[in-house]
């Protein structure tokens, strides 16, 4: 059973390409390549049996495929015998092959007729189909998609029988129970549905990433003493994207245990899984897991309950090329798919590349833990390339022969004449020799063309140069075209370029946008023209979002920082304007104005003389005041002389205190300029 395949650009899509072995004895191997083509190979002789290219193979590539079950084919075989156009031996073949596409449609391809049988479109999915499962009894088809829905199809009428929501996110895998009454679906969590009522029967924890494969591993429960309802006690296996553990789950009667019972560990993400069903409790389950690194891991284990530690593989198979010579080292050959044969003791290996795979039957040995098969695959497809190359023959030339190429603008000739040669031509003309050799004339032509300036190509050749530069990845040619600043020239070039070059041009512009800011300014003009001119074409591409994912991330990261940069830009402008304004004010000359008050400080010696003079004047003022007071006292009371003496002593003490206060004021600079104020204070 294939692990499924999807768009390679999506990081959460399963690795590998959709492929599957036919149910009856693995007689055929079908694979859908990335270009949308279906190829069916015969496993017995490694021969291409059929090749089918859908009409919309580019826009709606194949994302999953599934063969019709053998039981269904056996029921339909009597009806086919009535048709005369079909061969007699086709009743043993599997007829229908279901293909899921990236646009949501499902194709039914008939391998007997070698053509499209029918198409399931109306009322189905709106997004990529992730998995397809056939019902083994009633001929119905179940499909799941990124649109979160599960659809039950009637393949006879090509109409939707039932459609219901399977998960809150995309549903990535499906599996039908052995009795045909239950359906497993998985996005990240795993759900078990009752097909009759479309109700959830059990929930399981699931994986951290989308589940890429679901397979039931047992048909009967391990405890056969209890009555069996068709589902309780069965084990099933699940693998997920970017997960190196394959979990085994058991359907139990109680809904308490939701975790995995055991797990198998592998070296990389599983790409293709095949197993042999265990029909009783003593028969071990054989499991073959093809990983993304090209190895096959084989497991053999009896499922009998809970196992704590992850189980490692019993055998690992690798394929490598023989190292030719002493210095050359063997290179690994990737294994694409592996399936058990009917005897369960041999394995069908598909290895090489998807366009020309090699299918080989390998016997399994239980004793060897590691098998490395040496195979030389160079003879499979190299001769075809060599025969194609030998059709172009280069002429055998003598070493003494000279090749003459005419001088064409932009073309460098093989012969580069030296300056002495031109002097010889001029000397011959001066001597009167009329004949000049053709070689000299061609050399002169080449010299003239070398003097011409190597200008840019003309306007009408820009689309051709752009297309050639994108196909050949020529950096200089792309620089000549993409470094133009003429907007009209850019618009004309984008209008005339072919459609198949639009996506490569967008990818090239995305690379250049991540470079220097000067080149990014030019690339924005090109990007704007491409998105406006070719918007209708880009809207038809189903995988446009994955292809332009880096461009979206780049734009989002730059838009996030734009607001911060604008704030910083505004602050810097304010700072610059303040600095320039302050510099202007410093540079301006002050206008001539007359001072209203001028205060000049004198020297320290003059200050000391003035202080002494002021002290003397204060003493004189105090003495005059004392005399006046004494005269008044004599007029009032001449008899009390003793009281006058006491008054004089007090006045003298007051005069000394006044001197101290005046000296302190002078020292503090608080000396009063107006003597009237002093008299008022006294």
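Using N, Cα and C of the backbone, Cβ positions are placed for all residues, glycine too.
Now, the feature entries from TrEMBL:
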type     : residues : note
REPEAT   : 122-157  : repeat 'WD'
DOMAIN   : 473-575  : domain 'Small-subunit processome Utp12'
REGION   : 597-682  : region 'Disordered'
COMPBIAS : 600-659  : compositional bias 'Acidic residues'
COMPBIAS : 669-682  : compositional bias 'Acidic residues'
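Looking just at the domain 'Small-subunit processome Utp12' (473-575), the mean pLDDT is 85. Residues 4, 6-7, 63-69, 71-72, 75-76, 96, 98-106, 108, 163-176, 180, 183, 185, 193, 195, 542 of the same chain, all 6+ positions outside the repeat 'WD' (122-157), place their C-beta atoms under 8 angstroms from a C-beta of that stretch. Per-class residue totals from DSSP over the domain 'Small-subunit processome Utp12' (473-575), listed helix then strand then coil: 86 helix, 0 strand, 17 coil.
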